[in-house]
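Here's what TrEMBL has on this protein:
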- 53-181: domain 'Caspase family p20' (DOMAIN)
- 216-304: domain 'Caspase family p10' (DOMAIN)
Amino acid sequence: MDDIHFGNRQTVENPVDIPKAHEPLIISVTPAGEFYGLHKDSPDLRYQNSSLPRGLVFMANYREFDNKQELKTRRGSEKDVENLTLLFNGMGYKIPRQHINMTRSETTAAIKHFKKDPELKNVDSCIVIIMSHGCDEKSFYTKDHETMQIDDIVRKFSNSYCPVLIGKPKIFIFQYCRGKLEDTGVVNHVQSVVNNMPQQNKMQIETDAASADVTGVNRDASYTDMFIIFSTIEGFVSFRHPEHGSWLIESICDIFMKNAFEMNLNDLMMMVSQKVRNKYKENGKMQVCERVMRGFDRHFYFNPRPLRD
């Protein structure tokens, strides 16, 4: 399904109703002053994350597609790539390569090559980021209009298929629509989010749209130490600003760069979830991200480098 663009209409008659300009996010990572978790938690309650680099990042962004009539260009996704690169490099992670607009076969080969990187066995964590149009709840499109299953991506990094990462935290970030539904929200009688948040320009919001087919990601005993982040819940669309990037990625970058020096991943994602939920389009559409933990049973700290003396 095509991106949904909400037209070029905006109200200019009443200056009060003109949305405030969306300031671009400037990535500046606050470094950690200590290795969090080493003293606060027992070894059984925390993941080690002190290697240099902290971990490797596999990043794939599908911005343009062969079938441009059905799958429109994901404007703003290049900003997501830029922000994520600055964020994770600033936190001490290595991104061997930015994968842009790959076909299905190229994606499979790129993941295989990434898993063979000899440095992967020496790092303490791994991050996998996929950004594209969604086909349904469990799959996304590659450049050649083929689809790839999220199950297959996650499985390739399971203990059975990637033994060098056994016992190491594996973080997945999936930015794509998981359906066609748009969340209009309900009235909160305690506090109206819509009445307390600055408006965003209707013309500046698009979606990574998909058709709905609600199923779960397969589970396996070897799927441990996995923290999976979805940009939206099953059946719903994800929103993306054509200049500043997707709501989820922008929120992750903003929250992580400011707070990862002292907060664990789960607490960081609670803040990200709140930030995404409080965003909304002028016509009241909202988004709720989702996180799934599979055997992720310890605290994880990014410990951003360089560490302060």
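Yeah, the Cβs are placed from backbone N, Cα and C, and that goes for glycine too.
Residue counts for the domain 'Caspase family p20' (53-181) under DSSP, split into helix (H, G, I), strand (E, B) and coil, are 40 helix, 34 strand, 55 coil. Per-residue pLDDT, averaged across the domain 'Caspase family p10' (216-304), gives 83.
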